[in-house]
C-alpha cells in the first residue's frame, strides 16, 4: 500500500499512467511490483522487499521498480527457485486500469522470465470505502507459485 500524493508519477506493473497523483515511496513506488517482490521473497523464505532493498539505502532512491523485480527473480534463482505463476490484484478507485492490464502482464512476464499466460493481473475498487476508496492510496496483493529450478 502506498499513499497518493501530488508531484509524483504513477507507475503500476511497470507501466506509467497519466494521473494527477502518484504514489509516495523511496523508489518509484510501483505498488504492484512491490507486492509481487514481497510474495516471491516470502515464498522462498527470504524475508521481504524492505530487507533486500531498504529505503535507508541511497542506491534505491527513485529506482525503477522493474529493476527490483528483476533482482528479486535473480535472488530466488540463486536459492534454486524459479517463478511458476503470479496472481495479483490492484485496489484503486482511479485511474481505471482494465484497458492497460495486458501491457502490465507483458512487462511483468518478461521481468520474471515466464509466459504472459502465467501472469494474472486484476483491478478492483473498494467501492469508495476506506483509504483506497477516498483516493488516498493504492494497494496491491500478490500470490505466487515458485518451483525448484531444474
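Each Cβ is built from the backbone N, Cα and C atoms, and glycine gets one as well.
TrEMBL annotations:
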BINDING   2, 34  divalent metal cation binding site
BINDING   26, 27, 48, 49, 50, 124, 125, 126, 127, 131, 134  4-CDP-2-C-methyl-D-erythritol 2-phosphate binding site
DOMAIN    1-146  domain '2-C-methyl-D-erythritol 2,4-cyclodiphosphate synthase'
SITE      26  site 'Transition state stabilizer'
SITE      125  site 'Transition state stabilizer'
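Here the features listed in TrEMBL are placed on the structure.
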residue : record                                                 : DSSP class
2       : divalent metal cation binding site                     : strand
26      : 4-CDP-2-C-methyl-D-erythritol 2-phosphate binding site : coil
34      : divalent metal cation binding site                     : helix
48      : 4-CDP-2-C-methyl-D-erythritol 2-phosphate binding site : coil
125     : 4-CDP-2-C-methyl-D-erythritol 2-phosphate binding site : coil
134     : 4-CDP-2-C-methyl-D-erythritol 2-phosphate binding site : coil
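Least packed by the Cβ count within 10 Å, out of the binding-site residues 2, 34, 134, is 134.
Here 4-CDP-2-C-methyl-D-erythritol 2-phosphate is bound by 26, 27, 48, 49, 50, 124, 125, 126, 127, 131, 134 per the record. The longest Cα to Cα distance in that group is 30 Å. The CA atom of residue 34 (divalent metal cation binding site) is located 22 Å away from the CA atom of residue 134 (4-CDP-2-C-methyl-D-erythritol 2-phosphate binding site). Of the listed binding-site residues, namely 26, 48, 50, 125, 127, the sparsest CB environment within 10 A is found at 127. Among the binding-site residues 48, 125, 127, 134, not one has its Cα within 10 Å of the Cα of residue 2 (divalent metal cation binding site). Mean model confidence of the domain '2-C-methyl-D-erythritol 2,4-cyclodiphosphate synthase' (1-146) amounts to 96 (pLDDT, 0 to 100 scale).
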